[in-house]
Amino acid sequence: MGKSFANFMCKKDFHPASKSNIKKVWMAEQKISYDKKKQEELMQQYLKEQESYDNRLLMGDERVKNGLNFMYEAPPGAKKEEAKEQEGETEYKFEWQKVAPREKYAKDDMNIRDQPFGIQVRNVRCIKCHKWGHVNTDRECPLFGLSGINASSVSSDGSGPSMHPSELIAEMRNSGFALKQNVLGRNLTANDPSQEFVASEGDDDPEVEFLKSLSTKQKQKLLRKLDRLEKKKKKKDRKKKKQQKKKGKSKHKKHKMSSSSSSSSETSGSSSDSETDSRDKAAQKKMYSKKRKKGKFSEASSSDSEGKAKTRKEKLYEDLSSSHGNKDKDREKYRLLKQDSSAENSKRSSCEGERKSKSRYQRETERKERDSRSQSADERRGRSPCTSHSSRRQRQTRKSPSQSPGEERHRKNETRSPSTDGHRKEKKYREGNGDRCSNVEYRERSRRSRSRSRERKKKR
């Protein structure tokens, strides 16, 4: 359960992923590679033979010229067998390898490690007996427990290798091992000046003799004095260090003060910059206010022009009084004065008309504001329906401010009713008294106004 289709198919003989088919493919690849190697070896052998023939021709050999050299040369396979016989038997690491059977691919290769059944294999070599399979500290070694001198005496019989320490060190270096220097020690030489004996001068020193002559108590006193002197020296050193620290701190403070002064100068510079900025802003504000004043007080400029015109008149009058003889000139000047006076009168009339219109408009706006305030007060106190109707009309008139004040007056006169007249009288009375009347008086007035309005309606 749960296995894939490939796992099912790889168990079939015809499937390429089966083990038998993979093995067949691998065997075929190995055969092809083996054939290629053989062909390469034969090709190299042929090339070597050709080179030897060419060399012999150059040397002037007559056999080669006649073409009979092949009769005096051995076949290609005979050379390998001769080489094996000359080399002799290969040295095996272990004794069991001499008779052990090996496969073809592992026969010539000694680096392959064998793992025979039931035999312990250790790829280690002993330093003393130079045999594979154990170490010099193992009991298997025949030279176990023997020192270097005893081992050398045993091996001097010719049964084994020499065990001299110098030879052992050399063999270890050749085999890739090395001993530590603490084991080897220093390579001492007799002529080395460091190995020479130096005559001791301690006996001749007067200080040593003096110390030897002192008793134990005197020695203790000396030690105490020396301790005191050392303590004094330490105190002096501490004081010097403290003074140096204080000097460093004072220098640091001075540096801080200088830096703070520089920073204050910078801040003063920045404050001066801010002052200049504020001055610029004030100047801009003044210019703006001047422009507004020019727009607002254009009437003042007109009054100034009138003053200038008066000065001109006075000058002309003086000229007239001075020149009595020239009548024609006097007439012309009089005409000019009349023209100036007429122009000034027209200007004054226009300015006064504008002022009157403005004052009327302002008065009307003030009246509207007062009416709105009184209406709000009436609503709070519970006013009559007639007053509410009049307030609606007044609101409608407020919503259309584009109309001129004359038209508004005409419309108000048309839409005026007796109830509104009484309401306006009440407003005037309240404005005159300064809104000091109480609620009781207000009710009485409203009753009177209502009665008056009824009488007027009856008369109509």
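Just so it is clear, glycine is given a Cβ too, placed from its N, Cα and C backbone atoms.
Because the structure is a prediction, the values reported are computed rather than measured.
Feature motif 'Nuclear localization signal', per Swiss-Prot, maps to range 288-296 of the set 36-44, 153-161, 288-296.
For the motif 'Nuclear localization signal' (231-247), residue counts in helix, strand and coil come to 17 helix, 0 strand, 0 coil, using DSSP. Mean pLDDT, taken over the motif 'Nuclear localization signal' (288-296), works out to 62 on the 0 to 100 scale.
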